[in-house]
């Protein structure tokens, strides 16, 4: 990047390639940036992609760069760097790692659900993974202390274990299929605890809201609650098909003699099938709600609403904020 030149590319590198007001447009966007192949990209290439994106934002690009190269650099940037802070995210917490990481853990949770020690171990592994993901994808404008992270981790893990172990014991005499659905119930319960706890500072202090031109208007707790609720629903949706449908598939398959003879392959088979579900469900769940979330002015806290009206009159009917992932 030593030979920089001002180049008019005719496009804004930060402008979405697809319409983010529609589910299909958001799905295409997240299929692009949650591509699991990006986790294999070397750190040096990610850093070069960030440098190129920042250069484009400044109106400078290396001579000879093609639009395809710029879009690929933006894909790498979006997959590995936080949208608020611009800092490189830890590998395990990136949404592009959800497929390889999630398929391994989910497959093992679905395979090893019969004994309490196995349930405890795999739920603990899953909550540790979720803690990385939730912390990495929080709204970076709201800092959280190590103590709060620890409390969130312990609380969510406790909720998952209590749900899983309790239901596991309760379903001992129930049909086998119900026992196979216990991991999903535990994951859903933990998500309802883990995400709000990990992002509690946003609920306590509020998150920054802006007008449609990204001018800051103040901080809103109600915006934080809406964003976090959408993230919780997205995460549960992400896990649901694989953890609800896959047990039905395995229940049917295990009735065949040839499947019973290869029990050693049941675990790897469930891991691969989980990967198939997650390849689609990770971007689909992320696309359920716009990343740049909106809230009507009338739904804000009275003091913030009055402040905005006093400064801008009726020119700001909606406020906008990053809901996180």
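Counting starts with 1 at the first residue shown.
Glycine too: its Cβ is placed from the backbone N, Cα and C atoms.
Automated prediction, rather than curation, is the source of TrEMBL annotations.
Database features, via TrEMBL:
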- 150-170: transmembrane segment (TRANSMEM)
- 231-249: transmembrane segment (TRANSMEM)
- 269-289: transmembrane segment (TRANSMEM)
Worksheet item: By a Cβ-Cβ criterion of under 8 Å, what residues six or more beyond either terminus of the transmembrane segment (269-289) are in contact with it?
Response: 23, 26-27, 29-31, 34, 36, 95, 98-100, 102-104, 106-108, 110-111, 230, 233-235, 237-242, 245-246, 249-250, 323, 325
Response to the item:
Spatial neighbours of the transmembrane segment (231-249) not adjacent in sequence (6+ beyond its ends, CB under 8 Å) are 98, 102, 106, 109-110, 177, 180-181, 183-184, 187-188, 191-192, 195-196, 270, 273-274, 277-278, 281-282, 284-286, 288-289, 323-325
